[in-house]
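One structure below.
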Amino acid sequence: MVNLELIEVQEGKAKILIPKAESIYDSPVFYNPRMALNRDIVVVLLNILNPKIVLDALSATGIRGIRFALETPAEEVWLNDISEDAYELMKRNVMLNFDGELRESKGRAILKGEKTIVINHDDANRLMAERHRYFHFIDLDPFGSPMEFLDTALRSAKRRGILGVTATDGAPLCGAHPRACLRKYLAVPLRGELCHEVGTRILVGVIARYAAKYDLGIDVILAYYKDHYFRAFVKLKDGARKGDETLEKLGYIYFDDKTGKFELEQGFLPTRPNAYGPVWLGPLKDEKIVSKMVKEAESLSLARKKQALKLLKMIDQELDIPLFYDTHAIGRRLKIETKKVEEIISALREQGYEATRTHFSPTGIKTSAPYEVFIETIKRI
């Protein structure tokens, strides 16, 4: 931190100092203002779920953990980073937002007041291994893949705790680097118009498989894709039977690139060649919680409130079934000009099918209509 020029920024209720740099990637301590929406969504969620002891495992400037302490009911907030520059900056940023005296010993500084804030200088895996079954909520927001932290996070969270997991390595999850996806996520990705949803379902699926090793199941609270990152919040369920029930929600996708038609197969192993997965085929949201999140977001002072509300409202209204039809991609395949998305949705609903927009694609439609009915509808109207 010696001779480092700092500037102050505000996000939500938090004020923090960040290193002045030409780009965020040149900074010795990483802060990405584009991820403010990501942090808004978790702030909204924690206001509904009320976890008491929370960990921001990869804190950098400390912005996420500081917002947890300022904007949620959490009583004990841990901020951690392996970088010494980050550790020193986190201490300054905590004191910029809270009164009191930091007590420091061996790479750990603690501020006790209305809330307890612990600033930790260590490898995230070592901290989580040390704090076995301790945290009610753990947020993993790494630069790239979260996979090297997932095992220890599952052991560090309470057996009915909550995990928030971000993946920013879109190229593997979207099928541009399929071997990297197979190595990291143990799944075959699907390239093309469905890749954002398939990538999200691969991420949830691998969390489910890792959890099952520890006799844990999962319920998905919310999983979504936004701005080149994949995000999943899951609640852990204790017991081998819960793990077994969770694994039953895994399966595979068969996709015909010539037509845009897809088929789903539930089961731990595929029965046919050219299967994509395994992926999570269960729900991507808890409808009651997401509905509460919309109302909660309206009452909070968020950094990107308009964007947060738009995203949450769309997910709230979205049909929660696997995959969708992309009207532009199918139009190109059929060599026809398709109508506006809303017109197609109305035509499907008039025939008695469920149909909604999807946040995964501005030209996508989720519907209960079979592929043949969907094609007939877009040709007819």
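Here the Cβ of each residue, glycine as well, is placed from N, Cα and C on the backbone.
Within 10 Å of the C-beta of Arg64 (S-adenosyl-L-methionine binding site) there are 25 other C-beta atoms, taking all protein chains into account. The S-adenosyl-L-methionine binding site annotation in Swiss-Prot covers Arg39, Arg64, Asp81, Asp123, Ala124.
Taken from Swiss-Prot, the feature domain 'Trm1 methyltransferase' applies to 7-378, supported by sequence analysis.
Within 10 Å of its Cβ, the residue among the binding-site residues Asp81, Asp123 with the fewest other Cβ atoms is Asp123. For Ala124 (S-adenosyl-L-methionine binding site), other Cβ atoms within 10 Å of its Cβ number 24.
Looking at the residues that bind S-adenosyl-L-methionine per the record, Arg39, Arg64, Asp81, Asp123, Ala124, the two CA atoms farthest apart are separated by 22 Å.
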